[in-house]
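This report concerns only the one structure given below.
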Amino acid sequence: MASPSSFLLLAVLLALVSWQATASDPSPLQDFCVADMNSPVRVNGFVCKNPMEVNADNFFKAAALDKPRVTNKVGSNVTLINVMQIAGLNTLGISIARIDYAPLGQNPPHTHPRATEILTVLEGTLYVGFVTSNQPAPNRNKFLSKVLNKGDVFVFPAGLIHFQFNPNPHKPAVAIAALSSQNPGAITIANAVFGSDPQISDDVLAKAFQVEKNTIDWLQAQFWENNHN
């Protein structure tokens, strides 16, 4: 019979293997794997470009992230730099975004299905928060929030619904976010639920939100603008 220490060692090894298996992006097996956007081969991510053809421009973009962006009707603009903009990010598990907020603007509730986000406020003030998953009580859908000032940092765990709001009615705000995926994805909750194509049945949504169908119909008739560029 195996000793207790053997069982403990096996448990630790299984935990390590499981952690690697559930990581958002696969770990690189070489120095880099610059994405070959022209390859007809479809893989999880992108096929590697011939390393003999790689140059510094594959790791560079003149993104002008120091310049302000025009915000939309929800009062924000997300400028994401991911593998689609810098091919050298392929397999490296990271991306970055500049987020501009108009006075009283917000980056509305959304999730990143493949990434944790760490956000730094560069200018202004932000009210931020996220909601935990459907865990057993008392932690079910717990709301955690904080007011951030210039220089403050906040983390949004992967997959959880979160938002940022500029509470200042007179001054804009700016933040930079790093995300733990070459392609973190974004699901804006209102857009996905009420602006899907084709639309989700209003019978389903009325039951889910416990409201009248005409309320759902009104919401589905709105123009759900995307603030991610």
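Keep in mind that glycine also has a Cβ here, set from the backbone N, Cα and C atoms.
Here is what TrEMBL records for this protein:
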{"type": "BINDING", "residues": "ASN107, HIS112, GLU117", "note": "oxalate binding site"}
{"type": "BINDING", "residues": "HIS110, HIS112, GLU117, HIS162", "note": "Mn(2+) binding site"}
{"type": "DISULFID", "residues": "CYS33-CYS48", "note": "disulfide bond"}
{"type": "DOMAIN", "residues": "60-217", "note": "domain 'Cupin type-1'"}
{"type": "SIGNAL", "residues": "1-23", "note": "signal peptide"}
Practice task
Out of CYS33, CYS48, HIS162, point to the one nearest ASN107 (oxalate binding site) in space (Cα versus Cα); all of them are recorded positions in the record.
Solution key: HIS162
Exercise for the section: Please report the number of other Cβ atoms within 10 Å of the Cβ of GLU117 (oxalate binding site). Expected result: 22
Problem - GLU117 (oxalate binding site) to HIS162 (Mn(2+) binding site) - Cα separation in whole Å - result: 10
Problem - Rounded to the nearest Å - Cα separation of CYS48 (disulfide bond) and HIS112 (oxalate binding site) - result: 25
Completion exercise
Around the Cβ of CYS48 (disulfide bond), other Cβ atoms found within 10 Å total 19
Completion exercise
Close in space but at least six residues away in sequence, with Cβ under 8 Å from that of CYS33 (disulfide bond), the same-chain residues are GLY45, PHE46, CYS48, LYS49, ASN90, THR91
Completion exercise
For HIS112 (oxalate binding site) and HIS162 (Mn(2+) binding site), the CA-to-CA distance in whole Å is 9
Fill in the blank from the handout: Residues lining the Mn(2+) site besides HIS110, HIS112, GLU117, HIS162 (CB within 8 A of their CB center) are THR111, ALA115, PHE130, PHE156, LEU160, ILE161, PRO184, ALA186
